[in-house]
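TrEMBL annotations:
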- C101, C105, C108: [4Fe-4S] cluster binding site (BINDING)
- 87-304: domain 'Radical SAM core' (DOMAIN)
- K313: N6-(pyridoxal phosphate)lysine (MOD_RES)
Amino acid sequence: MSPISAETFLTTPEAVAQALNIPVEPLRAVHVVYPLRISTYYLNLIQQHGLPLWKQAVPDLSELTDTVGLTDSLGEESFSPVPCVVHKYPDRALLLVSNQCAMYCRFCTRKRKVGKPEMAVDDAALTQGFQYLSNTQCISDVLISGGDPLMLNTARLEWIIRSLRAIPHIVTIRIGTRVPCTLPLRVTPKLAAMLKKYHPLYINTHFNHPAEITPEAQQACTYLAEAGIPLGCQTVLLRGINDSPAIIKELLYSLIRIRVKPYYLFQADQAKGTAHFRTTVDTGLSIMRELIGHVTGMAIPTFALDAPGGGGKIPLTPEYITHKGDTLEFTNYKGEPYSYPNWIVS
Ligand SMILES: *Cc1c(COP(=O)(O)O)cnc(C)c1O
Ligand code: SF4
């Protein structure tokens, strides 16, 4: 059986209500506005671990009462020269290749689009995307995203990657995917063998909670790592799910154990329907303060905020400098004061 078949997912309010023994009406109300999909694999994790995973996957009425969210919170549409490309930074661009995900995460930044027919990406749209990337010499890094690229069948994904590889100025190809977390059985030796042909290829995974680091997720990451693919992780800081130093620490240690290098820890975006997941920036900064210096640098991500309106990603770092002048005064990770002679000796 193919790893992606109809039985792999719960996609109706009725199926989810029955599996979790909850009322169906709220699920129906949310489902009118936002898509629903939970893999049976992730459902099983929810049943074992409860709330932190439940909240990521199960529709909640709070999604409908968000009054401060923005529809296109990162201003992506205004940086979209052709429908499936977002080109915001000088040397890199996103190529959106699929509207499908293995799970429709309730906190998703692209909640306005994913799982909806308007976002469907056909051959003509992709060809237009390749054309733009090919005509735009300054782009050396393409991020294949979506939706989830690994929801495409392997042949179609290979066509996309091969088309990008045919463009001489594209050096690195990155895939952003939540599949190693939400549907790890999709990551097969066959998929890894295909990807391996197109190096330098990087994959950024998306794990948010230590309970998501299962033997199956480890196996998926091992196939990819053994195909020589450097693995990163983009975690979102989510209220009531992972917004504590202890949980984030456990997640980061678990990630490096399965050979995934934490890349970003994101402040939650202001996407409409996700307000109930947002923390303040102070929560993330105080988590970073408990990580930096205390935890192996290998495990430390960059904490970043993606500016509303399309300003791009801004790194957020706890403040260590207490005075900047001829002498730089600062505190170390333990809060102890130190200084450094900040002048040029001639
Ligand atoms: C996040 C993002 C990138 C990649 O940024 P990096 O900091 O290089 O990971 C590229 N384009 C867009 C539009 C993005 O949102
Ligand atoms: S897998 Fe990623 S793109 Fe898909 S719903 Fe989850 S966060 Fe959004």
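Count begins at 1; order follows the chain as displayed.
From the backbone N, Cα and C atoms, a Cβ is placed for every residue, glycine too.
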Could you name the residues, excluding C101, C105, C108, of the same chain that surround the [4Fe-4S] cluster site, i.e. Cβ within 8 Å of the Cβ centre of those residues, in sequence order? M103, Y104, R106, F107, R110, K111, V114, G115, R178
Counting only residues 6+ apart in the same chain, whose Cβ is under 8 Å from the Cβ of C101 ([4Fe-4S] cluster binding site)? R37, C108, V114, G115, G146, G147, D148, M151, R178, T182
Could you say which of the recorded positions C105, K313 has its Cβ with the most other Cβ atoms inside 10 Å? C105
Those binding-site residues, C101, C105, C108: which ones have a Cβ sitting under 6 Å from ligand 1? none
Rounded to the nearest angstrom, how far is the Cα of C105 ([4Fe-4S] cluster binding site) from the Cα of the residue listed as 'N6-(pyridoxal phosphate)lysine'? 21
What does DSSP assign C105 ([4Fe-4S] cluster binding site), in three states? coil
